[in-house]
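Taken verbatim from Swiss-Prot:
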ACT_SITE  Lys78  active site, charge relay system
ACT_SITE  Ser153  active site, charge relay system
ACT_SITE  Ser177  active site, acyl-ester intermediate
Amino acid sequence: MSLFDHSVSELHKKLNNKEISVTDLVEESYKRIADVEDNVKAFLTLDEENARAKAKELDAKIGAEDNGLLFGMPIGVKDNIVTNGLRTTCASKILANFDPIYDATVVQKLKAADTITIGKLNMDEFAMGSSNENSGFYATKNPWNLDYVPGGSSGGSAAAVAAGEVLFSLGSDTGGSIRQPAAYCGVVGLKPTYGRVSRYGLVAFASSLDQIGPITRTVEDNAYLLQAISGIDRMDATSANVEVGNYLAGLTGDVKGLRIAVPKEYLGEGVGEEARESVLAALKVLEGMGATWEEVSLPHSKYALATYYLLSSSEASANLSRFDGVRYGVRSDNVNNLLDLYKNTRSEGFGDEVKRRIMLGTFALSSGYYDAYYKKAQQVRTLIKNDFENVFANYDVIIGPTTPTPAFKVGEKVDDPMTMYANDILTIPVNLAGVPAISVPCGFGANNMPLGLQIIGKHFDEATIYRVAHAFEQATDYHTKKASL
């Protein structure tokens, strides 16, 4: 039995009782990485020397009264979150040798909580992708079956947790990039409310949509991690000055009287029968615990996919203009003048999907097309947000599938961008509305790959979706299933 089969609270108790050491936890992580990483390929960079040194330092503090619950816990960090002195590439060759000179706010907070960073996790390049096949280095595989994708863009973050390489990880979610891989890998992933967690130090893809969040084995562990990284940050102008409550207090298993909305659009055309049936089964479980549910409509959700790709690509075209070979990152050697420097550096450094989205965004923002595309997409985004607000006026949470289907095979959709984009059709509306949502395991498809239940909450009401997710988790055994890698 792995130490990582225990929860954070159980491991914390074992540490305080000196049944285990922090070094034991770190070595457990690196041993597992040595055993499975050649197949899973979840990590881009390991930080073994510093992690082991930090473990020895913390071993001397075991039993101290001020040790928090995350003391000594091993964590993986998605490679678009900057880490001081530890290579951060965004899985792009244009940043292949980039060593940041500061820590992201979330990394600072986790260091203050005495967690130990095991390494940086693989992803789709600049977080643009749904399968991890767009990494500029190598594709991560799904621990449940290495022939399948782990999802994206936080595929490495989800796969590392599912494979038992780390206890938990950080990912980022722009259109489903935490929740979709969490669903595909059978783990728990939360996208917080926009502004709940600081984005300072997150390499920007689409600044109005990006959000950092936790990926864990259980809902309780997820709540511990969000508790540690939440809160206002003066370094992030979009960080919200909203009180962070006690997320653990509501994990009672009680959902009696809870009002659940189920959008008909989330169970209709384009959603596979397996995903639909798993959600209906989950609703029966919650109904048996005293919750009620009704079908509702989010009428503008059918425009979410087009709206998202116009807005996110437009923001990406602006954000990624900084990677020009002048200030940092890889610089092309094939240069005769300044124009060559810009063109050749970006042509050689960016992958095909990143180039595709930059071109789409540049077109949408260009003179003559701005009003027809970007401005119109912003107007539709407002309508989508209003749809959520209208539903939340009468209901506590919204529930549906996280993804239309279980994970698909490696290479199955890589040459068909539109089919690939459609994998996020159920997660994208949440980012456009800025509300929080969590994915928890809720079953398996005919291919024996996990399915995820998506629970969506009101702005800054992560506590309620944790309450529902935890109640469902404890009433079922899906969270106890492990990839047999």
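Including glycine, each Cβ sits where the backbone N, Cα and C put it.
Its own atom aside, the Cβ of Ser153 (active site, charge relay system) has 34 Cβ atoms within 10 angstroms in the protein chains shown.
The residue listed as 'active site, acyl-ester intermediate' and Ser153 (active site, charge relay system) have their C-alpha atoms 5 Å apart, to the nearest angstrom. Here the active-site residues are Lys78, Ser177, and the one ringed by the most other CB atoms within 10 angstroms is Ser177.
For Lys78 (active site, charge relay system) paired with Ser153 (active site, charge relay system), the C-alpha to C-alpha distance reads 10 Å.
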